[in-house]
Amino acid sequence: MWSWFLIVYTIYVPIFTLLWLLEISFVFVYRKEFSSSYYFFFVLCGVLSLINELIINFGTRLPLFPEVNSFFGTVSCIQHGEFPSLLYAIGHFFGGAHETVNILTSINRATAIIIPQSHDKIWKYGIHLSCGIVLIVGVAGSWHLFDSTAIFIGFVVDGEIYFSMFQDHNNHPEISDTRNAVIVAFVSPAISIPLCILATCFLRKKWKLRRIRTEFNLLLLGLSSVLLCLPIAFHQLYAYIRGKSLNQDEIMTLYRMLPWLFDIRFFSPTLLVLITDSRMRRKLSNLFIPQESTEMIRSHRAEVTTTFSVVRH
């Protein structure tokens, strides 16, 4: 009997994955409408989120369910060897890269509001520099893992077998992966949140400008994405502080929380962009409601409004 959690995962994970792909495709297909440099980071965030979700599915989610995790203990190339070792290393690489994109997005939004006259010039070259920064941070947090090994280890809880991925051999024991993950997780909001607050302080004098109001919506989107990364950050901090003093029940509880917290981190932008960006909402609605029908509805509303105004006068 499949657990309810597994059924829920099989429903919403494909839905949000498809939503990410659709939103990314909208940015490419309708480039003129999504010409702001923000959308470069939105697409980059989407690509990194989908890669991270793929890693989570094989590294964390599937090993949690006895209904489908037997091959983690029976197939040798999956249980140990190149597969878990590479999965462990690239998981840290893309995790650090994703947090870096959050910081760069906040910087991008801050310049759009604080210095709008120079914003386009800055990011004409800043986008290329940002790609290099994302790559450097990702490598800095994971280089030591590519010559180490990882393994899936099975453990029994209440008669059920679960698997978890651990480092089997670390050639750089002086480097703590958990500590690095905690640092990266908290550096992002520590930089992004003050930047967003600073940018908001500049809105009072410039709020009448339509462009500034648009940029603020994108700022709100970026800030919300950062804030929704905090649950997994506190989860990792708790695990790091408790360390070896964690009992089996705590370990299992923390382990079961991981997929949910990662999904909040990586899938939340798909909904946030629909809440804050009317253009993205229109593009998505046009997939289900033909544009001609939408225009007819708007025309009908305009006629009703006009008629009501005439009758009232």
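For all residues, glycine too, the Cβ spot is worked out from N, Cα and C.
According to TrEMBL, the protein carries these features:
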- 6-30: transmembrane segment (TRANSMEM)
- 37-56: transmembrane segment (TRANSMEM)
- 125-146: transmembrane segment (TRANSMEM)
- 181-204: transmembrane segment (TRANSMEM)
- 216-237: transmembrane segment (TRANSMEM)
- 257-275: transmembrane segment (TRANSMEM)
*Which listed range (6-30, 37-56, 125-146, 257-275) shows the maximal number of Cβ pairs under 8 Å with respect to the transmembrane segment (216-237)?*
257-275
_Stretch in 37-56, 125-146, 257-275 most in contact with the transmembrane segment (6-30), if contact is a CB pair under 8 A_ = 37-56
*Beyond the flanks of the transmembrane segment (125-146) by 6 or more, those residues with Cβ under 8 Å of it*: 37, 40-41, 44, 85-86, 88-90, 92-97, 99-101, 104, 108, 167, 170-172, 175, 177, 180-181, 184
_Cβ under 8 Å, sequence separation of at least 6 from the ends of the transmembrane segment (37-56): give me the contacting residues as numbers and ranges._
13, 17, 20-21, 23-24, 27-28, 87, 90-91, 94-95, 97-98, 101-102, 104-105, 108-109, 112, 119-120, 123, 126-127, 130, 134, 218, 222, 225, 258-259, 262-263, 265-267, 269-270, 273
